[in-house]
Amino acid sequence: MRQPHITALLLLPLLLRSGTEGAEAMRACGHPRMFNRMVGGEDALEGEWPWQVSIQRNGAHFCGGSLIAPTWVLTAAHCFSNTSDISIYQVLLGALKLQQPGPHALYVPVKRVKSHPEYQGMASSADVALVELQVPVTFTKYILPVCLPDPSVVFKSGMNCWVTGWGSPSEQDRLPNPRILQKLAVPLIDTPKCNLLYSKDAEADIQLKTIKDDMLCAGFAEGKKDACKGDSGGPLVCLVDQSWVQAGVISWGEGCARRNRPGVYIRVASHYQWIHQIIPELQFQGRAGSQQQQRDPRGWQPLAENSAPCLAAHAVLLALGALMLGIL
């Protein structure tokens with residue numbers, strides 16, 4: 001007669017896991033353990049951007065991406081023109097150097113790639129894709145997810161954000177060995193100004209590029225600093241309410257670091273519904289207060305609202321406790 005009691009006990013960890021799995025990434029997201037934010041710096045530090053991943057084809061880096069959950073990476077759709085043979089792809093996590101990833105790095109094969117169905121080619125809207133890993137990764141201080149914003153988060157023009165990647169330092173050069181992860185602080189540019197910049201010095205025989213509603217610009221009107229080839233799919237992150245939140249996915253640009261040609265990113269929040277549809281358990285970061293604040297990241301603690309899933313778990317405990325008392 002005690003079998004239902006045993007069954008309830010066996011179900012308890014499963015129910016708790018299902019109620020808190022999405023919360024695990026939310027509590028861990030956007031809080032790296034290493035801090036060194038030097039404007040104008042180039043080489044990143046180990047563990048400084050723990051969500052940054054290298055997406056590799058036949059063992060060679062070709063695009064960046066960001067870890068958003070134990071089995072999911074966010075990147076650009078244009079990185080995957082052909083996924084007929086998924087076995088050629090793998091993801092490198094926890095690495096600072098591509099050539100010498102080190103003991104904290106991890107290679108994980110790709111299970112599948114989901115590109116946004118509305119993506120229609122380079123410089124078009126919806127240039128986002130989700131890469132599912134074959135096995136879940138364990139979070140460490142070198143491997144952590146970034147937070148994703150819901151539509152309530154507003155990234156204001158002029159806000160300083162950071163872009164990272166192993167791409168080329170210029171249109172002519174390749175990142176020298178051992179290919180250390182690069183970081184760059186860039187200000188956000190509003191859409192009207194970005195469209196104006198792209199209209200300047202435009203060649204008559206080239207179709208004028210326009211910034212769509214789901215795009216975001218960041219960089220400098222004078223050029224000189226920008227993401228480049230090999231950075232595609234990587235994250236543009238901003239500090240919002242004490243957490244690093246991914247504002248954009250590196251999508252396209254006209255050349256690299258050219259005058260009046262800032263980098264163009266896909267707004268993550270614009271594709272909130274699509275991401276949620278594929279990863280329903282993933283939690284998104286909303287605005288904690290009426291105003292966003294940029295603070296010193298040292299000494300961060302998980303946000304209080306992240307405890308909501310724990311309350312749900314407690315409710316499950318109470319319900320199961322009552323059930324077991326009834327059985328006994």
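Cβ atoms are placed via backbone N, Cα and C, with glycine included.
Per Swiss-Prot, signal peptide is recorded for 1-22, and the stated evidence type is sequence analysis.
Note on the domain 'Peptidase S1' (38-280): its mean pLDDT in the predicted model is 90. For 38-280, the entry in Swiss-Prot reads domain 'Peptidase S1'.
All chains included, 26 other C-beta atoms sit within 10 angstroms of the C-beta of Cys63 (disulfide bond). What Swiss-Prot lists as disulfide bond is Cys63-Cys79 (among others), and the listing cites sequence analysis.
According to Swiss-Prot, the active site, charge relay system annotation covers His78 (among others), on the basis of similarity to another entry. Less than 8 angstroms from the CB of His78 (active site, charge relay system) sit Tyr119, Gly121, Met122, Asp127, Ser232, Ser251, Trp252, each of them six or more residues away in the same chain.
Take the CB of Asn82 (N-linked glycosylation site) and look out to 10 A: across all protein chains shown you find 7 other CB atoms. In the three-state DSSP scheme, Asn82 (N-linked glycosylation site) is classed as coil. Look at Swiss-Prot and you will find Asn82 tagged as N-linked glycosylation site.
Annotation comment: Swiss-Prot describes Asp127 (among others) as active site, charge relay system, evidence class similarity to another entry. Using a 10 Å Cβ-Cβ cutoff, Asp127 (active site, charge relay system) registers 31 neighbours.
Residues annotated as disulfide bond in Swiss-Prot: Cys161-Cys238 (among others). Around Cys161 (disulfide bond), a 10 Å sphere centred on its CB holds 25 further CB atoms from the protein chains shown.
Feature annotation from Swiss-Prot assigns disulfide bond to Cys194-Cys217 (among others); the stated evidence is sequence analysis. Counting only same-chain residues at least 6 apart in sequence, those with a Cβ under 8 Å from the Cβ of Cys217 (disulfide bond) are Leu188, Ile189, Asp190, Thr191, Lys193, Cys194, Leu197, Ile211, Pro262, Gly263, Val264, Tyr265.
Around Cys256 (disulfide bond), taking its Cβ as the centre, 21 other Cβ atoms fall within 10 Å, counting all chains. The disulfide bond annotation in Swiss-Prot covers Cys228-Cys256 (among others) and is backed by sequence analysis.
Residues annotated as active site, charge relay system in Swiss-Prot, with similarity to another entry given as evidence: Ser232 (among others). Annotation note: Ser232 (active site, charge relay system) sits in a coil segment as assigned by DSSP. Of all Cβ atoms in the protein chains displayed, 24 besides its own lie within 10 Å of the Cβ of Ser232 (active site, charge relay system).
Cβ-based neighbour count (10 Å, all protein chains) for Cys79 (disulfide bond) stands at 22.
Counting every protein chain shown, the Cβ of Cys228 (disulfide bond) has 21 other Cβ atoms within 10 Å. It is Cys238, among the disulfide-bonded residues Cys194, Cys238, whose Cβ has the fewest other Cβ atoms within 10 Å in the structure shown.
Of all the disulfide-bonded residues in the record (Cys161, Cys228, Cys238, Cys256), the one with the smallest CA separation from Asn82 (N-linked glycosylation site) is Cys228.
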